[in-house]
């Protein structure tokens, strides 16, 4: 019967030892970390690079806009005028993209991002996550490499490259969730995924710090334009490393542990036994669209991801502009200070991933309650901090930075044990499809946030930025409420394999087990 089979499989798992340390699955988690690190550096690096690419006077409407008139128009307090003298034009600030154009360029990445989410979650089933992930990161890296080459062309060409990069990265999460559905045992799921989920934070850290440093130098005028300015070399570095990563991933990764030639026999058997206990469906199982779309857990994650990502995309894309326009930090300070929140988030994600597994393993919290706790901290924390920031201006600019650091750090709990990990909890091998749909919906926020912010903050005043930050805080709050009421923590019936197998065999215990699952 179903129960006896569970016991025998569980006993088999307990007898097989394959420690996570020095394992091949940990190596793959590290490679996934590097891949996501590079992709998010390519994605968010444009946000800080655009500050040092564009002529700061491009938004001035005519010769009557002197420095003093601009200070008046932006309602900058007299006590902050001393900070404006620190901002000098960099030799690399040569492009003439006005504020609305910059909003379109920053948002264009997210025009392509939703196009491939669902398609990728289906395509990865046919091509396999190994080759498909390598292809996606290669395309994103190539688009990043070409940015300096066509930067002097008309802005629609830049938009096209960013759309291509967005479309490539749109498939990252569905593909990696599909990959871990066969590689990550349930007892290590949060640990392995949190290691990988730290990649976006570290990518943002490096892109903001290194991007700011690359902005500080330019070569002689005799050097061709595509190699003259520091920001061009910045894009070449990120794109080149991404292409190298694609080759390394193809060498060491495989679609399943069973066909990997580097994994040890003990580790291979350990993962197989763990997956047998989890009753995860076969990777070729068709997506149960009807049952999935009627699932409470599915819609909870979709809504939670949308509202949480609305605030996150704001932090990733428009905070460098806020640092520049309201807090009046120089380009060098901007890159470093914009990176500090992501440093804090990285530390939290790495340090708390194992904590979630520990709380669940020791039965201090049920899986669903652990997810709700981490999601609540990861969304309510940023909401409160952003709300306080909305009341600050350049007179208390370092307090604003501290609050931003705390808010983004607390958001790391969401990445390590919140809705991101919850997808794998309830959807099994269909986690790629669920993630694809969720990212498709949430990417609407990525498209709208930069452009909406550029409209709200058209005069670059602290009062206008206050409205924007209140909007971001409200989105985090809604995400917390939705997840706390409707999240589910265990594999849904439509994603389990045992019920379907037992029904085929006419096992009398199948009906009872189905009732228990429901």
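Yeah, the Cβs are placed from backbone N, Cα and C, and that goes for glycine too.
Worth saying up front: this structure is predicted, and the values here are computed from it rather than measured.
Annotation source TrEMBL lists domain 'Major facilitator superfamily (MFS) profile' at 28-491.
If you look up TrEMBL, you'll see 108-127 (among others) marked as transmembrane segment.
The transmembrane segment annotation in TrEMBL covers 132-151 (among others).
Same-chain residues lying 6+ beyond the ends of the transmembrane segment (157-180) with a Cβ under 8 Å from its Cβ atoms: 32, 35-36, 39, 42-43, 46, 104-105, 108-121, 123-125, 129-130, 132-133, 136-137, 139-140, 143-144, 146-147, 150-151, 189, 192-193, 196, 253, 255, 423-424, 429, 431-436, 439-440, 443. Per TrEMBL, the feature transmembrane segment maps to 157-180 (among others).
Residues or ranges marked as transmembrane segment in TrEMBL: 201-220 (among others).
Residues or ranges marked as transmembrane segment in TrEMBL: 232-252 (among others).
What TrEMBL records for 297-319 (among others) is transmembrane segment.
Residues annotated as transmembrane segment in TrEMBL: 373-392 (among others). Counting only same-chain residues 6+ beyond the ends of the transmembrane segment (373-392), those with a CB under 8 A from a CB of the stretch are 304, 308, 311, 315, 352, 356, 365, 399-400, 403-404, 406-419, 422, 465-467, 469-470, 472-474, 476-477, 479-480, 483-484, 487.
Annotation comment: TrEMBL describes 398-421 (among others) as transmembrane segment.
As annotated by TrEMBL, transmembrane segment applies to 433-453 (among others). A Cβ distance under 8 Å defines the sequence-distant neighbours of the transmembrane segment (433-453), meaning residues of its chain 6+ beyond its ends; these are 103-104, 106-107, 109-111, 113-114, 117-122, 170-171, 173-174, 177, 287, 292, 298, 301-302, 305-310, 313-314, 317-318, 321, 423, 427, 468, 475.
The annotation transmembrane segment is assigned in TrEMBL to 465-486 (among others).
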Given 232-252, 398-421, 465-486, the one sharing the most C-beta pairs under 8 Å with the transmembrane segment (297-319) is 465-486
Under an 8 Å Cβ to Cβ limit, what residues of the same chain, 6 or more beyond the ends of the transmembrane segment (108-127), are close to it? 43, 46, 135-136, 158-159, 162-171, 173-175, 178, 283-284, 287, 313, 432-433, 435-437, 439-441, 443-447
Kindly state the mean pLDDT of the domain 'Major facilitator superfamily (MFS) profile' (28-491) in the predicted structure. 80
Taking residues 6+ outside the transmembrane segment (132-151), which of them lie with a CB under 8 Å of any CB in it? 35, 38-39, 42, 46, 53, 95, 120, 123-124, 157-158, 161-162, 164-165, 167-169, 171-172, 175-176, 179, 226, 229, 231-232, 235-236, 238-243, 245-247, 249-250, 253
Tertiary contacts of the transmembrane segment (398-421) (same chain, 6+ residues out, Cβ under 8 Å): 189-190, 193-194, 197-198, 200-201, 301, 304-305, 308, 312, 315, 319, 327, 337, 340-350, 352-353, 355-356, 370-371, 373-375, 377-379, 381-386, 388-389, 392, 479, 483, 487
